[in-house]
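So the structure is just underneath, and the comments pick up after that.
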Amino acid sequence: MKKIASFISFFAILLIVTCFPKTSYAVDQLVFEGPTLDTPYAGQTQISGYLAAFGTLPSGEKVPVSKFDGAAWIVINGKTYNGTTAGNQMFDYTVTKIDDEKYAFTFNLPDNIVLKEGDKISTFVIPATVENPSNYPQLSHKFSGEYIVQKKADPLPGEDVLVTYLDENGTEIAPKKPISGMVDDLYDATTAEYKLTIDGYTLDETKLPTNATGTISQVSQIVTYTYKENPIKAHDVTVRYVDEKGNQLADSKTISGSIGEPYDASTDAYKPIIDGYTLDETKLPTNATGKLSALDQIVTYTYQKNRVKAQDLTVRYLDENGKELVASQTVSGLIGTPYDVSTATYKLIIDGYTLDATKLPTNAIGTLTDKKQTVTYYYVANKKSDQPTDINQKNSGKPTTQNTTSLKNNKSFPKTGETATQSILYLGGSLILLTGLAYLRKNKTTKSQ
């Protein structure tokens, strides 16, 4: 025992006083807190726990650890194991930084030790190193406290960890797979056994579960893998451009993609400007937006032809000799506008003439175009009656209707020198007429006697 005590004292002095300053002033000591051990259980061949990530000066300033690289020191049931232990067994440990406060460690026990219930671990340390160690010539590592090896309690059955497989809508696409075990057993659902390949779907690597590994407990746990449905090629959406009669005006456009993907043919990219035409805003398609599907879809845009002023149509009125009887009428409008000059508005009544029904124009009804058009109505001059009145015509007892020549529109006047001659003729004619009437009356009287 004396030998062991002397050795411990020597090691403590070695740790606390690593070198003596060459100057006469005191040097602050940098102290590292002792390790914290997880409860050791019978049957273990290693111990684990946490190490401080920094040393502390008397002022309270913290100096971070740069690494742990010295030989560990442990005393089990009073027996010391240190750097002199054969085979460098005291370096058989791993240290992992957890955060700025601590490191986690595991240390494999030397000499193939298997802990038994009641064993005592009275001392343990893994030496640390800091940056610029010459600035901190006095390092002090505290030992861990005393730990008694416990008998591990009989394990309790844990609740299953359920690995589920869902699509993006949360619908289950494969049966759940349970992971069973005892409380504190480790589970790992990151293996191919649990990361399934599912027909028609691809695992979404952006949504991997954070609890794919862990420890089984008495509380049920769910590990969820999310899958994206593999796209299925949809039938195309065809965007057509037609005029008011359904004639194609421009090449169709095609929208392709996968079933379920949205499409939008209402943008300017699908509503082109077509020379000579204007999109009919009153006939916009109701399916300009939608989703691609397994069926063909057609989106149709209807365009109106731009209205252009047509050449005038002239309605002329001629006699049989082609002489114009009255002023022409004009019909104006836009190209494509229908016209009808067969109405009374255009079939004029002209004094002294009758419309020639045998020569009615064949183009009295039609459509205005970019070319001049002429519709011609022909008229026949009315014939004047040259036959004298039949004075022997029997009187049926009804008043006799006499033909009267209207002078209303007679614009011819007698020439100079013709006035006397015409007066004599009128007078002579009147006398003959009166003589005839007197003769008829006398003849009628004689017969009646």
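Heads up, the Cβ atoms here are built off N, Cα and C, so glycines get one too.
It should be emphasised that the depicted structure is a prediction, and the values quoted were computed from it without experimental measurement.
These come from TrEMBL:
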- 161-228: domain 'MucBP' (DOMAIN)
- 236-304: domain 'MucBP' (DOMAIN)
- 313-379: domain 'MucBP' (DOMAIN)
- 409-445: domain 'Gram-positive cocci surface proteins LPxTG' (DOMAIN)
- 388-416: region 'Disordered' (REGION)
- 1-26: signal peptide (SIGNAL)
- 423-440: transmembrane segment (TRANSMEM)
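Residue counts for the domain 'MucBP' (161-228) under DSSP, split into helix (H, G, I), strand (E, B) and coil, are 3 helix, 33 strand, 32 coil. Averaged across the domain 'MucBP' (161-228), pLDDT for the predicted model comes to 96. For the domain 'MucBP' (236-304), the number of residues in each DSSP class (helix H, G, I; strand E, B; coil) is 6 helix, 32 strand, 31 coil.
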